[in-house]
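As recorded in TrEMBL:
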- Glu616: active site, proton donor (ACT_SITE)
- Asp791: active site, nucleophile (ACT_SITE)
- 665-678: compositional bias 'Low complexity' (COMPBIAS)
- 30-141: domain 'CBM2' (DOMAIN)
- 656-678: region 'Disordered' (REGION)
- 1-33: signal peptide (SIGNAL)
Amino acid sequence: MFRIMRRPRKTALLAVGVLIVAGLAVNASPAQAAVACQVTYAKQWDNGSGFGANVTIQNLGDPLTSWTLTFAFPGNQTIPPGGGWSGNWSQTGQNVTVTNMPWNGNLGNGASLGAGFNGSYSGSNVDPTVFAINGVTCTGVPNSQALVVNPTAISVPEGGMTTYSVRLQSQPSSNVTVTSTAGTGDTNITVTAGGTLTFTSANWNVAQNVTVSAAEDADATNGTRPITVASTGLTSVTVTATEADNDPNQAIVVAPTAVSVPEGATATFGVRLQTQPTANVTVTTTAAGTGDTNLTVSAGGTLTFTSANWSVIQNVTLAAAEDADTTNGTRTFSVTSSGLTTVTVTATEADNDPAGQSIIVTPTSLSVPEGGTNTFAVRLQSQPTANVTVTTTAGTGDTNLTVSAGGSLTFTTANWNVNQNVTLAAAEDADNANGSRTFTVASTGLTSVAVTATEADNDPAQALVVTPTTVNVPEGSTAVYAVHLAAQPTANVTVTSTAGTGDTNITVSSGASLTFTTANWNMDQSVTLAAAQDADSANGTRAITVASTGLTSVTVNATEVDDEATQNSYITEFTTQYDKIKNPASGYLSPEGIPYHSIETLMVEAPDHGHETTSEAFSFLIWLEAQYGRVTGNWTPFNNAWNLTEQYIIPSAAGQPGGSTSYNPADPADYAPEAAQPSGYPATLNTGVIAGSDPLANELQTTYGNRNIYGMHWLLDVDDVYGYGTGRTAAECGDNTQRVTYINTYQRGAQESVWETVAHPSCDTARFANYPALFISGSGGNQWRYTNAPDADARAVQATYWALQWATAQGNQSQISASLTKAAKMGDFLRYAFFDKYFKNPGCTSTSCTPGSGKSSSSYMLTWYYAWGGDIANAWSWRIGSSSWHQGYQNPLAAWVLSGAGPTSLRPQSATAATDWTTSLSRQLDSYLWLQSAEGGIAGGATNSVNGTYSAPAPGTPTFYGWSYDFQPVFHDPPSNQWFGFQAWSLERVAEYYFVTGDAKAKTILDRWVPWAIANTTLGTGSAFTIPSDMTWSGAPAASISGGTVPGANPNLHVAIANTSNDVGVAAAYARTLSWYAAKAGATTLGTQAKNTAKGLLDRMILLKANDATGKGIVVSETRTDYNRFDDVWNSTSQTGLFIPPGFSGTMPSGAQINSNSTFMSIRPFYASDPAWGPVQAYMNGTGAAPSFQYHRFWAQADIAMAFADYGSLFPTG
């Protein structure tokens, strides 16, 4: 989802290549340092005419305060001016000289540093072999030999493994054997790989792993065992290994808990204990007193488990006796043991009795229009052995009703289950009665079926016509209903309206007696109802009887719309859904209170595990708690949500080592091109591309007193599933916890899907692998980096605005003042999302385009991300924006809130912030108009860096303030604007902004979008509904826009609905969009349609509660055909599967190897032990269907709750 580019040119690089071996000390006078060194020269790329190389210098002598590296190329290699980094590079002929930078001149004994360059050549490209530091040839002096072991304390998960690494301190003259031997302690901890390692003069400094495993045991103790790492003649090192126990408390384990038993046969379920007992345990299975008594325990009713066989499954056999019925009876069985929780098994008989033959008729009652026809359908229940004739005959009743076709039907062995129609007709008559007649559908030997037909008369009869019959009367005001007659009378008719029992504040204020004549009988006359002011908050009701002598009276139900605070059924649904989300037993929240991405752990979409989470989820938590404060007046949970956000997903000062004090706003980052496919990585830095200047850093430092960024990082591993927090022996970027770890995934171009990512820590101390080298050539560890998702930060500001409105209305604004300050500060830093990735000016079509100065590189749009990071030692730091923006990320309400027009309590403090957000608001509104298709949907967005390389766009591509149209900005797998959710999310913000301001542009956007969305929405029966899911796009905006021009219509920009779904999360966001629009549009035709569609979606979601067997939310089933990608192997032809560059090696915290043979699954072995893994494995094996899940995503369930709250508050009478 997000990308960051690091600045690794100032990092000590981990180079592999020609090694210049140290071997001799150099004498020097006492006044100067004794120089001894070794240099590693490694080419990183070579295309036949150009190449890049890294040089690693290691000081093996006295500490240096400055250094000069010299060497000579064997051929005609040339380094252009500015082509090198981490040093001052110059070349005369074949001779190259590199002097230190101000920040890397100090080089202690044993210390290393990296530098590098990009150059060109012709002919051969032979590596140089002789290097000198400060005039002394680097032939080196070996350090004293020692074992280097890291770490020396490890945590080993029970049933799993972990590793520590071993290398030598200096190069040996002959092979060295190193052994790892387990000592006394927990014998379940053993060395399972790498117990004997051999180091040579070539690989002595390459870390080799020793794998330590902890066998499963029955106790709950975290045992320890020392492991001695030793080699002859060297000082041994002790590694302390501690088992991380996984044994739960005792319980009865039963599988399955739902059993189908064939009638006349048996079925079994398995029973075992969860942990080893200290004495024998007896488990009994007994049948319930109720249920199908044909279901019984036939074997295994009493089982005994010992300390030896406790984990061995023993079977209980259930039997289903033969019976004569066709019912699939059920009965429950209790599996019990003294002191343990009982487990219930539900058994269902699978009946084998065939159903008898019968006539199936639908419907059995129908209305036939006078002068017209209607039909009912007939078929057989089962296949006959010979032809069956079915007849339909008329019985007593209205003789105008007759069988006009299908009176005799023949069913064969081929068409017995195909409906055939019988047509009934109703002749014209002169009466106004709705006559009825019974028709008998019969066949020899079968039970006949009666069909009742009723004529729908078309002759007018006298009656009172009253509309509407349900009236809402605003408290302190009036409302009317209309009355006329159904047919012309022969004399005057008097109609009265009389108030009955109920709320006496509701009265008939005029029109209580109306007279209708032969002339005005069909003209509406009004009756006015009034609702007096009262002090209660109840919406009182009263029945009004409309009557006339000899006619059927009509009841009008009048409801007072109270102007005191009220609660309706939708507010109740909000409270119910909120309570489910906040209930710890539901599993939406971690022990810390952090919202998981989903309750379920087996989940792969943007996050690659359900118990990761995103800044998106935090913003939804803030919004949910704002809604809770709106309904209850309790603002403590809202403030807690902001505190939780600040604690866990806004990096602290310690989490930004050095506070970015090394950051240079005039040189924010080094350029690296993006590639079309992950296989194009790692990318190579090009310092010849000049970045623009960062205009925000100094202003923000003036405002807040430091260089730290105040914004959310996008991704957390909440439960530390990957293990980057596990095993920490000291704080890493200020964090010493074993849980809730900052991680990142996406890094490698527009085509990288979640299935092609490598999860890695945001604070990278190189404990496991050199992850940065996967993305940037020559990059090394010991750096930190974070990525912000701007739509989440903007949503948090949006939610806080509503908290301000609702708390102020309650007189509670002072309770949330601290949270308001946090939101305003976040909005101040969110302006980084306005800027091009490398602060290039708009309209950039080559890497040599003009760098930005001041705010010239700002798009004033919310781009896909902004990112920041640096060296852990604070030697360097960087910041970037993004070169693409997407319609789905825009938030005009947040822009308005943070602008000069918004509330002062949410205004950012920096001097130019409010002005920036005012410009952003105007740009965002115009962008929707620029992207609005002829049908009404909003197309993708725009880019300032075509292909991620600042290439030129196709001729004729329209632009928006210099940025080129892109129907799928940033992501192509899948296309980023394919999903209707981005429409619903984005337009909901437009609708809220329209509700608040009445802005004419917002109205125009919504007046086009709402009817398109409604036209592609289906509200079915019961809980059924469909909304757009995936979309395809064609054409482009009609014109380029700049300089304040208001975009016109786009007749050649089109959207098509590829498919639909009943996604409840998207439906909730969509319903909220319609609700806010309808509340502003009022009783217009489109406003009414929007309100009714929103209500229809919400009413169906209420019915869907019954679809969730867990009772934890509102869900639908999702079939995941993409789950066959878990084990995709890299395929260079299709460019699918996980790509790892050749030669890269490392391990995940689990010990899983990262190399060119890795797959998504191989580096995520934890999925194999997930409770939901079985169907996925079967699907991958080809032995099962695509698995189906009912996912409880936090954001979706929160959006559902808030959709109820919005509708209930905006429309208190429903």
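Numbers here mean position along the shown chain, with the first residue as 1.
Cβ atoms are placed via backbone N, Cα and C, with glycine included.
TrEMBL labels come from automatic prediction, so no person has curated them.
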Long-range environment of the region 'Disordered' (656-678) - Cβ separation under 8 angstroms, sequence gap at least 6:
3, 5, 7, 9, 85, 103, 684-687, 689, 691-698, 706-709, 733-734, 748-752, 756, 776, 784, 786, 838-839, 847, 868, 870-880, 945, 947-949, 1135, 1139
When secondary structure is assigned with DSSP, how many helix, strand and coil residues does the region 'Disordered' (656-678) contain?
5 helix, 1 strand, 17 coil
Summarise the domain 'CBM2' (30-141) as counts of helix, strand and coil residues per DSSP.
0 helix, 55 strand, 57 coil
What is the number of other Cβ atoms found within 10 Å of the Cβ of Asp791 (active site, nucleophile)?
26
Expressed to the nearest Å, what is the distance separating the residue listed as 'active site, nucleophile' and Glu616 (active site, proton donor) at their Cα atoms?
8
Have a look around the residue listed as 'active site, proton donor' and count the other CB atoms within 10 A of its CB, chains all included.
24
Rounded mean pLDDT for the residues that make up the domain 'CBM2' (30-141):
86
